Amino acid sequence: MRKFAYCKVVLATSLIWVLLDMFLLLYFSECNKCDEKKERGLPAGDVLEPVQKPHEGPGEMGKPVVIPKEDQEKMKEMFKINQFNLMASEMIALNRSLPDVRLEGCKTKVYPDNLPTTSVVIVFHNEAWSTLLRTVHSVINRSPRHMIEEIVLVDDASERDFLKRPLESYVKKLKVPVHVIRMEQRSGLIRARLKGAAVSKGQVITFLDAHCECTVGWLEPLLARIKHDRRTVVCPIIDVISDDTFEYMAGSDMTYGGFNWKLNFRWYPVPQREMDRRKGDRTLPVRTPTMAGGLFSIDRDYFQEIGTYDAGMDIWGGENLEISFRIWQCGGTLEIVTCSHVGHVFRKATPYTFPGGTGQIINKNNRRLAEVWMDEFKNFFYIISPGVTKVDYGDISSRVGLRHKLQCKPFSWYLENIYPDSQIPRHYFSLGEIRNVETNQCLDNMARKENEKVGIFNCHGMGGNQVFSYTANKEIRTDDLCLDVSKLNGPVTMLKCHHLKGNQLWEYDPVKLTLQHVNSNQCLDKATEEDSQVPSIRDCNGSRSQQWLLRNVTLPEIF
């Protein structure tokens with residue numbers, strides 16, 4: 001009997017433990033599901049920890065999000081709110097996993113322990129909750145904790161309620177100090193960044209846009225370069241986050257920043273001279289003439305010494321070239337650190353409006369940078385964009401004084417030493433219209449792109465698309481495109497200038513007024529009846545239709 005009672009006790013105890021195990025298993029399974037929902041939702045109280053292994057949810061490891069057919073119409077409506085696929089963004093975890101897109105040589109680099117601390121300044125205006133918080137979480141989760149002094153979120157007068165108290169409540173619970181600073185009125189990126197920089201405390205200031213994702217190892221190589229030389233300003237490689245699917249695509253380490261005649265920032269291939277300077281080691285930083293401006297790190301004291309941003313500029317536009325010129329001309333160095341990768345949502349259109357329109361604002365900002373930093377080379381810009389000369393660009397005396405105080409070099413030095421492959425030719429025979437003697441029409445790039453035919457149109461004398469440079473290298477150039485003929489009788493197309501002469505070599509005879517294409521031995525001619533909007537190229541015959549006047553454009557009110 002005693003033995004039977006003992007067996008019953010053992011069985012009962014075992015049954016209790018089995019039931020308890022089943023309960024715990026079910027409980028934690030449900031908790032995991034709840035956590036997953038919290039990660040993907042809107043405001044949540046829990047702090048999201050770094051992802052240790054790839055999840056299987058939408059967008060994990062940077063994969064594209066596919067929206068079901070039945071949700072396509074709703075997706076299109078939501079797209080208009082921020083000019084990116086908001087539905088896709090809200091499906092993705094705030095701490096999603098990303099691939100390690102660094103070069104193999106970058107993954108084994110070792111950095112000093114005593115790197116400077118940084119304050120990360122992020123300006124936002126009516127930003128989506130998911131993209132803003134994904135930016136914040138990527139900074140926290142993929143940065144050594146002791147290197148992040150704080151994150152400063154600068155609200156440029158947002159109107160959306162969830163960016164008010166809910167945002168403040170959320171960031172208070174994060175394991176890195178996050179401060180929300182409010183601009184009293186819509187001030188624009190430039191002044192909002194200045195506000196964020198002024199309240200920040202880190203030894204380095206890192207500026208990011210509000211729709212970024214930092215990848216593993218992004219911060220250390222940036223801070224290491226600044227520790228090596230505090231006058232070095234550094235940018236990560238900017239990877240592309242699709243505005244349509246939020247797919248994460250690695251950017252190239254073989255491009256760097258430049259600009260065209262209209263002072264638009266452009267990406268161009270890293271020249272061979274820069275590859276030679278680095279002895280072919282692609283893990284070494286690239287010296288870049290300009291930066292895109294959205295993402296960079298700079299020593300706090302150096303930022304003050306070189307004049308921060310030009311506070312006379314409005315909203316955004318041109319500030320990236322202005323600070324790029326200033327860094328180089330005033331003794332600093334600007335680099336793209338190829339071992340640092342940060343993703344950025346590139347939008348095809350801006351969702352924001354500005355008083356007076358973006359064109360007027362950018363014209364004012366570009367006029368200020370041209371007047372202060374470009375010396376006589378501002379002529380190129382004004383001839384291409386004559387409307388700029390009519391804008392009120394304010395008082396620039398303090399910025400001119402800054403240039404003198406810092407003993408900055410002339411813009412010609414910048415072109416010769418930092419950007420010798422600039423689209424601005426330093427030596428040329430003419431800059432202006434190329435007019436046909438018989439028809440009185442002018443060559444016109446028609447705002448066409450590379451590989452398209454050059455046009456011809458009635459001369460309007462307003463510069464812009466009818467400005468061509470006949471360079472000392474005997475190229476006929478419009479911005480970074482050169483007139484190119486690859487076969488007899490044309491067509492005459494616009495291709496990237498390669499400086500190798502060949503199909504882009506033209507001989508102008510100032511007596512006969514002919515433009516002879518050297519390779520084909522044919523002459524530029526007026527348009528044909530078959531195509532009245534493009535010039536032709538034919539055997540030279542001395543006719544008036546093959547005579548061209550190369551006229552320099554001047555703007556007496558400026559020069």
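Cβ atoms are placed via backbone N, Cα and C, with glycine included.
So that you can see what the record holds, here are the features copied from Swiss-Prot:
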TOPO_DOM  1-8  topological domain 'Cytoplasmic'
TRANSMEM  9-28  transmembrane segment
TOPO_DOM  29-559  topological domain 'Lumenal'
REGION    45-65  region 'Disordered'
CARBOHYD  Asn95  N-linked glycosylation site
DISULFID  Cys106-Cys339  disulfide bond
REGION    115-225  region 'Catalytic subdomain A'
BINDING   Asp156, Arg186, Trp316, Arg347, Tyr352  substrate binding site
BINDING   Asp209, His211, His344  Mn(2+) binding site
REGION    285-347  region 'Catalytic subdomain B'
DISULFID  Cys330-Cys408  disulfide bond
DOMAIN    429-551  domain 'Ricin B-type lectin'
DISULFID  Cys442-Cys459  disulfide bond
DISULFID  Cys482-Cys497  disulfide bond
DISULFID  Cys523-Cys540  disulfide bond
CARBOHYD  Asn552  N-linked glycosylation site
Helix, strand and coil counts within the domain 'Ricin B-type lectin' (429-551) (DSSP): 9 helix, 55 strand, 59 coil
Pairwise CA distance, Cys540 (disulfide bond) versus Arg347 (substrate binding site), rounded so that it is a whole Å: 49
Most Cβ neighbours inside 10 Å, all chains, among the binding-site residues Trp316, Tyr352: Trp316
Residue among disulfide-bonded residues Cys459, Cys482 with least C-beta crowding, 10 angstrom cut-off: Cys459
Cα-nearest neighbour of Trp316 (substrate binding site) within the listed recorded positions, Asn95, Asp209, Cys339, Cys442, Cys459: Asp209
Residues that sit under 8 angstroms from Asp209 (Mn(2+) binding site) by C-beta distance, when 6+ apart in the chain: Ile122, Val123, Thr135, Gly294, Leu295, His344
All-chain count of other Cβ atoms within 10 Å of Cys497 (disulfide bond): 22
Spatially closest candidate among Asp156, Arg347, Cys497, the listed recorded positions, to Cys442 (disulfide bond) (Cα to Cα): Cys497
Helix, strand and coil counts within the region 'Catalytic subdomain B' (285-347) (DSSP): 17 helix, 21 strand, 25 coil
Number of other Cβ atoms within 10 Å of the Cβ of Asp156 (substrate binding site) across all protein chains: 24
Cβ neighbours of Arg347 (substrate binding site) where a neighbour is any other Cβ within 10 Å: 12
Pairwise Cα distance maximum in Å, substrate-binding residues per record: Asp156, Arg186, Trp316, Arg347, Tyr352: 21
Candidate with sparsest Cβ neighbourhood (10 Å radius) among Cys106, Cys442, Cys523, the listed disulfide-bonded residues: Cys106
Candidate recorded positions Asn95, His211, Cys330, Asn552, pick with smallest Cα gap to Asp156 (substrate binding site): His211
